[in-house]
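According to Swiss-Prot, the protein carries these features:
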- 1-16: signal peptide (SIGNAL)
- 20-26: disulfide bond (DISULFID)
- 108-119: disulfide bond (DISULFID)
- 170: active site, nucleophile (ACT_SITE)
- 194: active site, charge relay system (ACT_SITE)
- 205, 208, 210, 213: Ca(2+) binding site (BINDING)
- 255-279: disulfide bond (DISULFID)
- 281: active site, charge relay system (ACT_SITE)
- 303-314: disulfide bond (DISULFID)
- 317-321: disulfide bond (DISULFID)
- 355-465: domain 'PLAT' (DOMAIN)
- 449-465: disulfide bond (DISULFID)
């Protein structure tokens, strides 16, 4: 894949100025679309619609496993399981990918678990499996084809564009932007999954995804390190109303595995090889798929930077936490501005959802050197132990920390405290927690108290004060 991204820097060539197609209109290769700028040094026209061969693969709750191919011919839509009383979600893949790749249909399957929906996977492998600069031009054809289908839905079936959500990964995110531009921002929502950076970062809004392309635009950035020298394929530039940078947006947990373990992936050699080449870049659609079935597991925190977030300076959410992914549109202030930036942490495997808690522990008992851990027990489940503090344990001192649990414990009902010496202590001191306060990201606070102290490695249970 890296070769395909880099090769165009040597192979760009000057083409004609404009080409027109009856259904889709005209496409030129002048600035800002192509040639003459630092971001787009080569002049290239899109491939023909026949070569790009945009296809629409419809999955619904009635046919979740086998697609029905539809087109902008209204008769194919009426003869399918498409229903006008449902939302429609388009999914557009990126460079070198295809619409029949498992991740697109898997995303549809997750959607069917939580809603009744028309899920349309857009295949444009005829235009994506070429040199990278050519593919960046071919997304204009893809966007035009999707927009034409949206127009058919509106004119022939009375279907409102506001009921349409376009989800695009990599180059597909900018194809989604082209859909929005051609439909004058009437699309209900566009989600950009790590929008591609080369040939798009720093370009005018007309070329790339931007907030004016839909009534609401949300973006997940997972590979935002610079293309040179870090080989980051995704944009660092904010291009939505809400821009989420999980784990800081550059290096995703689980993407640092050794080469062999990553290629021989649990999902097979093909998926493992894809992960090895572009693990961070692919995480965006995996996070989105996981967010569908974890409605509150991807809370984003408004913060000046990921460094500030990691330093526990952004908790709780004073104006509420938007959820990264599928439920981002439930955030009441989603369109209060553009480029609203949010940070969060995720897991490193298939269960990416995390629930962040802030815990304050007030110590009692002896003065010793050691470290303190707590675990939460709640109405939905129990967390593992998380370290709150290490150092001098002094009675009366309060230590505060935040952690990301892989379990949503629900309403916290009790807390278990344990401590350990940092050095061997023959005096067998006892330490306790007179009070532990647990705060959730929505601002709810739970307080627990105890008058007991315990020796190291002995659990102390605190109950509500």
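Cβ atoms here come from the backbone N, Cα and C positions, even for glycine.
Sequence features annotated in Swiss-Prot and their locations in the structure.
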residue: 20; record: disulfide bond; contacts (Cβ under 8 Å, 6+ apart): 26, 27
residue: 119; record: disulfide bond; contacts (Cβ under 8 Å, 6+ apart): 58, 59, 60, 88, 89, 91, 107, 108, 111, 112
residue: 170; record: active site, nucleophile; contacts (Cβ under 8 Å, 6+ apart): 93, 94, 95, 97, 193, 194, 195, 196, 233, 234, 281
residue: 205; record: Ca(2+) binding site; contacts (Cβ under 8 Å, 6+ apart): 212
residue: 208; record: Ca(2+) binding site; contacts (Cβ under 8 Å, 6+ apart): 174, 177, 195, 200, 239
residue: 213; record: Ca(2+) binding site; contacts (Cβ under 8 Å, 6+ apart): 176, 177, 179, 180, 181, 185, 187, 190
residue: 449; record: disulfide bond; contacts (Cβ under 8 Å, 6+ apart): 434, 435, 436, 462, 463, 464, 465
For the disulfide-bonded residues 26, 108, 314, 465, the one whose C-beta sees the most other C-beta atoms within 10 angstroms:
108
Within 8 Å of the centroid of the Cβ atoms of 205, 208, 210, 213, which other residues of that chain place their own Cβ, given that this set defines the recorded Ca(2+) site?
177, 180, 181, 206, 207, 209, 211, 212, 239
Residue 210 (Ca(2+) binding site) sits from residue 317 (disulfide bond) (Cα to Cα, rounded, in Å) at a distance of 26
Sort the recorded positions 210, 255, 321 by C-alpha distance from residue 314 (disulfide bond) and give me just the closest.
321
Among the recorded positions listed here (210, 255, 279), which has the Cα closest to the Cα of residue 303 (disulfide bond)?
210
Mean pLDDT across the domain 'PLAT' (355-465), rounded to an integer, is what?
95
Counted with DSSP (H/G/I as helix, E/B as strand, rest coil), the domain 'PLAT' (355-465) has 0 helix, 70 strand, 41 coil
Here the disulfide-bonded residues are 255, 303, 321; the one whose Cβ sees the most other Cβ atoms within 10 Å is 321
Between the Cα atoms of residue 321 (disulfide bond) and residue 279 (disulfide bond), what distance do you get, rounded to the nearest Å?
27
Length of the line joining the Cα atoms of residue 210 (Ca(2+) binding site) and residue 279 (disulfide bond), in Å:
25
